[in-house]
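Pulled from TrEMBL:
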- A:16-37: transmembrane segment (TRANSMEM)
- A:69-280: domain 'ABC transmembrane type-1' (DOMAIN)
- A:73-94: transmembrane segment (TRANSMEM)
- A:103-126: transmembrane segment (TRANSMEM)
- A:158-179: transmembrane segment (TRANSMEM)
- A:220-239: transmembrane segment (TRANSMEM)
- A:259-281: transmembrane segment (TRANSMEM)
């Protein structure tokens, strides 16, 4: 930042943008830059004080590590596409202004404010051995004592439970960003396309979605990066039977009291998050690269 | 035309007898389908909230029963009372509120100007700044919490709500900047330029033209900020020992707590969410409705 700021600004343009940026840049450098350097150092530091790959070896030797990698990847690959399909459908449904749309909007937006821990606990009431899902099954006579959805013997349903809880909790964030994006798109575009005989699918695909691209981009980046940091849902539902990478850093730091290995795991999440964000930015880049520029 | 209203203005000239009813029927069917889909999604979203409420207001016996009843059979505050009576629950709730509000104010005050700069100005270092934003957003919380905890100890802020609020602001700030930037981008630049042409200064053009158009979005952005802080568990758990936020408190006691405590905890974490969105709803809906028209 600073070396960019010291470069001469373009002729006759007052340094307004820099004045606007400086508070945030300083704040983040203080609260991110310094701790980040400390974190990177800690990840390659050995408890004795030297440097080396000791932490990485420890981390990968831990029996929960590879399952955690697999679970994290699986969860993201499954949840995000489902989530976006659902959120786009929800936003478009509400744009049709059905009756009770105010109520729908409220109910659909509520999970936005629900913490992942709360979501895990909510769905625990449903998926627990004596929970509401099994009660429903028993009540319908489909099963006598229900099914152990969250047992470590049934990794499939455990994953499904976490996916459902994540869909329930985090789709609202995407939904609200898309509703916000939709609301600034004039309805005339869609109506014009309709007048010219475009089908619903054509209008969504060629009119609405391209106009929504900035919102989708923001939502996609946010959601993916947040998905890498999801852990309390799985923690509340399945504990360590469904390890996730971020949960491993927690485990290393809080329970095993090893901040070095915790940092090493965190560096992996950091690297993967950065990589994904870069890919998205490139893939979704708009033709007129610099928004608002002439 | 009479009943069709806006449906088919191009048919206005046609004689009544020859009206094609098919589009009207299609329209009605579509509205039905929309309604059914909306109800299905609402059921998916609302059912878990109902069930956790039911669980939180059940007695211990009915929580141990199987199969459980889906109707409120024996409403009781026993489960909730024992949760609220547990050590540290009420203070942690207040801590959560304070941290959330502090975070909201700090991040909107610092983040909105940056978002505006990104949306409206082309300047050297713009891409670097954006990359920096993404980078900070992608950082896993725990990495920061550990060295930050040490930093806050030297700054005399250890185990305070302010320390947690600062961490949360740092976490929320990139999001706030990104969202406000996309909001300001969506406000047509021409409007602002027109205001400048008609004699506004940059500041008054911003105040009178851009701000009203961007305000709903900024409200939504600050909503995210509060929620982000409210929901954050790990950093709060690492940075504090006694001044815990509610999620950190519940997470800390998750392992050895009985199921009723967890259900009550889930409900207690859920209620502020319900209230908060309810308060924001009118505002969100207003902006959403008016800009749509």
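Residue 1 is the first one shown; counting continues down the chain.
Even glycines carry a Cβ here, placed using N, Cα and C.
Just so you know, TrEMBL annotations are computer predictions that nobody has curated.
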Under 8 Å, at least 3 Cβ pairs, sequence separation 6 or more: does that hold for the transmembrane segment (A:103-126) versus the transmembrane segment (A:220-239)?
-> yes
Among A:16-37, A:73-94, A:220-239, A:259-281, which stretch has the highest count of C-beta pairs below 8 Å with the transmembrane segment (A:158-179)?
-> A:73-94
Sort out for me which stretch, of A:16-37, A:220-239, A:259-281, has the most Cβ pairs below 8 angstroms to the transmembrane segment (A:73-94).
-> A:220-239
